[in-house]
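S.K.: The feature active site, proton donor/acceptor is assigned by TrEMBL to Tyr142. The annotation active site, schiff-base intermediate with substrate is assigned in TrEMBL to Lys172. If you look up TrEMBL, you'll see Thr51, Val215 marked as pyruvate binding site.
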Amino acid sequence: MTPGKKLQGLVAATITPMTPDGQINLSVIRQYVDYLVSEQNVKNVFVNGTTGEGLSLNIQERKQLAEEWVCQGKDKLDHVIIHVGALSLPESQELARHAAAIGASGIAVIAPFFFKPTNKDELIAFLQKVASEAPTVPFYYYHIPLLTGVKIRVEGLLDGIKERIPTFQGVKFSDTDLLDLAQCINKNEREQFAFLYGVDEQLLSALAVGADGAVGSTYNYLGRKSNLMLQAFAKPDLALAWKYQLLTGEFLNFVIKLGFGVAQTKAVMTFVSGIPMGPPRLPLVDASEEFIVKAKAKLDSIVWPDGN
């Protein structure tokens, strides 16, 4: 990993590989790392998040996955961010301490979503209690109100947050409220916080308002295409960038209509990479054969601007 380097560009929200009987499969993580780096040109990962079924795993499983990603990512990945959020504060703190001990380059925390914080002070109090257990590790807030039901706007959350959480470095912003994101970026330019967008099909819009990059599941298998979009945006060649975004959206729109979630993401990653991702954990159920056939045919049919 690269200490001190700002988190930016693409970050793959990693899938948790599982054996056919539903146990975590650590044996393929090395191959997974090499695939992301060599085939997708993605050198940052976000482990044990939504795509990784983090909240469906027990504490020991989450620790084992974190250890394996840090171990296999050494000298290959720039950042290994470990999501340590949990419904229980002591569990989240334990995971934060563990991430610090194994040398993770950052930790992230989702808002508690059963007993929910009702205002920013309550949310910051929870985040601070977790971050303080890893006092030398960069800390990121994982904002995903669609799943948590915690709709506290990030712009207000950021006011004075460095005083409360000195290790605070930025936000994984998984929401479609681009006004909130834009105001965060405009308001906190001097702080050099990282704002990583989490709605893959709208990344270009987030880049337009100043996002530093993105965290998402599609960067596992469309990372190279998304990197070409980032390069086109930076030139700037907005017409080319839009073409890449449009085609990514075309694929996602197609699979969303079929029913698209973590289980289906595992299936897509398996047929694209050749790495067996296995089944999801209940209550999620395996992608159907019909989904796999249709999704593969759709992806194969797309003609990208680079001709591949």
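Every residue, even glycine, has its Cβ placed from backbone N, Cα and C.
What TrEMBL says about a protein is an automatic prediction, not a curated fact.
Could you tell me the structural context for the features on the list?
M.R.: Residues within less than 8 Å, Cβ to Cβ, of Lys172 (active site, schiff-base intermediate with substrate) and separated from it by at least 6 positions along the same chain comprise Phe46, Gly49, Ala108, Tyr140, Tyr141, Tyr142, His143, Ile144, Leu196, Gly198, Val215.
Long-range Cβ contacts of Thr51 (pyruvate binding site) within its own chain (separation 6+, distance under 8 Å): Ala13, Thr14, Ile15, Gly216, Ser217, Asn220, Val262, Thr265.
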